[in-house]
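Please read the structure below before turning to the comments.
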Amino acid sequence: MAGRSGPGAGRRATAAGGGRPFPRECCEGLGGLEYGQVDVTAMARLFGYVDVTDSGFIAAVLSIAFNPLFWNVVARWEHKTRALSRVFGSPYAACYCLGAVILMLNCVRSHCFTEAMKSQPKLEGLDCHWAYYSGLAILAVGTLFVISSFLALGFTGTFLGDYFGILMEAKVTSFPFSVLDNPMYWGSTAIYLGWSLMHASPAGLLLTAVVAISYTIAMLYEGPFTEEIYRQKQKGAKNK
């Protein structure tokens with residue numbers, strides 16, 4: 001999503017979903033990182049600078065977690081019932097409507113994220129020029145991945161069109177999908193990381209970790225489901 005600027009990422013053919021069904025593979029965009037091997041010391045230090053009971057911080061966490069849950073539940077419901085397509089008169093109209101809602105939810109998420117950072121103290125070690133410009137560079141790279149993913153997939157490809165029966169002819173392999181899996185998701189995560197560094201915000205860094213975790217979980221659910229949609233498409237084509 002962003003997210004899919006929102007759902008966005010890089011499933012078999014869409015950005016809203018994740019890509020591959022296995023945990024290690026889905027994290028290839030992070031160099032095959034295994035979370036069990038991560039040193040949690042830095043994360044523990046971040047908690048010392050962040051008031052996780054602050055209402056703004058809680059609102060940001062809830063908005064981050066809600067977005068992928070929402071679009072996955074609605075998209076699967078649509079795939080099973082075609083209810084939205086019937087209500088809006090066509091799958092394209094229904095997909096565009098869901099995409100618009102996802103974009104609005106992502107705006108709310110970004111607003112909550114920014115307000116949470118403003119309400120929490122800065123980290124002195126990051127309140128310097130090198131951190132600011134490093135964050136700006138990371139934000140620029142993330143924006144490049146998000147925009148290029150959207151251009152490669154189109155609106156329906158980005159916003160769960162395959163759940164509406166709007167299937168792509170082939171898996172997208174052009175940039176940025178040639179560089180990493182799920183570029184929309186990782187690009188969105190990079191944007192939040194860069195934004196946090198630019199604001200020297202430990203709360204922002206912690207929320208960025210929540211973004212990465214929520215996207216990873218979304219990919220684990222979306223990847224196999226999307227693969228099955230295209231398997232059924234191929235099966236139906238062979239039976240004709």
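Backbone N, Cα and C atoms are what each Cβ position is placed from, and that goes for glycine too.
Remember, predicted model here, so these are calculated numbers, not experimental data.
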Quiz item: Any idea if Ala83 and Pro121 are on the same membrane side according to TrEMBL?
Solution: no
Quiz item: Of Ala140, Val141, which of the binding-site residues has the most Cβ neighbours inside 10 Å?
Solution: Val141
Exercise. With DSSP as the yardstick, break the topological domain 'Lumenal' (76-87) down into helix, strand and coil residue counts.
Key: 11 helix, 0 strand, 1 coil
Quiz item: For the binding-site residues listed here, Gly142, Glu222, Gly223, which shows the highest count of neighbouring CB atoms within 10 A?
Solution: Glu222
Quiz item: In Å, how large is the greatest distance between any two Cα atoms among Ala140, Val141, Gly142, Glu222, Gly223, the listed binders of S-adenosyl-L-methionine?
Solution: 27
Quiz item: Quick one: mean pLDDT on the topological domain 'Cytoplasmic' (109-135)?
Solution: 95
